[in-house]
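Novice: My questions all concern the structure below.
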Amino acid sequence: MKKGFIFDLDGVITDTAKYHFIAWRNLGAKIGVDVDLKFNEQLKGISRMDSLDRILAHGGKENDFTLEEKEALAAQKNDEYVTLLQSLTPADLLPGVKEFLDQANTKGVPCAIASASKNAPFILEKLGVKDQFAGIVDPATLHKGKPDPEIFIKAAELLNIKPEEAVGFEDAQAGIDGIKACHMFAVGVLSGEPLHGADVTCHELTELNMDELLQK
Ligand code: G6P
Ligand code: MG
């Protein structure tokens with residue numbers, strides 16, 4: 001019997017992946033690294049600084065910038081990303097998310113967010129669902145990013161449940177790997193690329209039966 005739901009944000013609650021892509025692609029253009037859609041897949045679920053490191057390595061520029069310069073580049077990317085986020089409204093929730101959260105709240109099943117994004121509280125506020133989460137893991141407190149399970153273990157702690165008592169929702173392979181590494185039940189939300197190791201997959205949350213999930 002499961003007692004709580006733990007959600008990734010980007011690609012599960014809302015499609016902010018397209019805004020991350022625009023902002024990274026534009027930053028890449030400034031420093032001469034081509035960030036295309038296929039390479040962008042490797043950035044899903046990965047923290048801002050780790051994403052920048054991957055982009056620099058992709059362009060063979062891993063030794064071209066000091067830490068200070070890299071922090072400035074990451075800040076530039078985030079400024080553009082946050083500008084793009086200003087237009088978010090509750091209409092940007094992915095299909096079935098609002099209904100799923102309402103149903104969980106009605107049933108008394110607590111929900112938490114396990115996202116590497118430091119912008120998560122702001123995004124949830126814009127989407128009008130922040131109050132529906134009992135906890136949001138602060139990624140600044142983490143020692144390791146996904147695929148390490150730390151963020152999912154912390155999210156379960158926020159809900160006062162064990163990882164194996166939670167159902168985790170993820171659209172990125174790094175996230176599915178983190179969920180499974182702490183023995184949580186994994187729902188893979190597909191957006192094109194296959195997800196390996198998920199216990200159940202769907203294209204949107206409307207396809208899921210909550211009572212069946214809680215009995216896993
Ligand atoms: C999520 C996204 C990543 C993003 C990371 C950090 O995991 O999938 O693409 O890099 O959050 O987001 P932030 O808003 O803090 O830059
Ligand atoms: Mg995601």
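Backbone N, Cα and C define each Cβ position, glycine as well.
TrEMBL: automatically predicted annotations, no manual curation.
According to TrEMBL, the record shows the following:
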ACT_SITE  D8  active site, nucleophile
ACT_SITE  D10  active site, proton donor/acceptor
BINDING   D8, D10, E170, D171  Mg(2+) binding site
BINDING   8-10, W24, 43-48, S51, K77, 115-119, K146  substrate binding site
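Show me how these features fit into the shown structure, please.
Specialist: Note: D8 (active site, nucleophile) has non-local neighbours G45, I113, A114, S115, G168, F169, E170, D171, A172, G175, i.e. same-chain residues 6+ apart with C-beta under 8 A of its own C-beta.
D10 (active site, proton donor/acceptor) carries a strand DSSP state (E or B).
For D10 (active site, proton donor/acceptor), the same-chain residues lying six or more positions away in sequence with a CB closer than 8 A to its CB are T16, A17, H20, K44, G45, S115, S117, D171.
Following the DSSP three-state reduction, the secondary structure of G45 (substrate binding site) is coil. Around the Cβ of G45 (substrate binding site), the number of neighbouring Cβ atoms within 10 Å comes to 28.
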Novice: Running a distance check here. Ligand 1 versus the recorded positions D8, W24, E170, D171: which have CB less than 6 Å from one of its atoms?
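Specialist: Going through D8, W24, E170, D171 in sequence order, none turns out to be close to ligand 1.
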Novice: To test your reading of the Mg(2+) site: which residues beyond D8, D10, E170, D171, same chain only, put their Cβ within 8 Å of the Cβ centroid of those residues?
Specialist: F7, L9, G11, V12, K44, G45, S115, F169, A172, G175, V189
Novice: Going by DSSP, give the three-state secondary structure for E170 (Mg(2+) binding site).
Specialist: strand
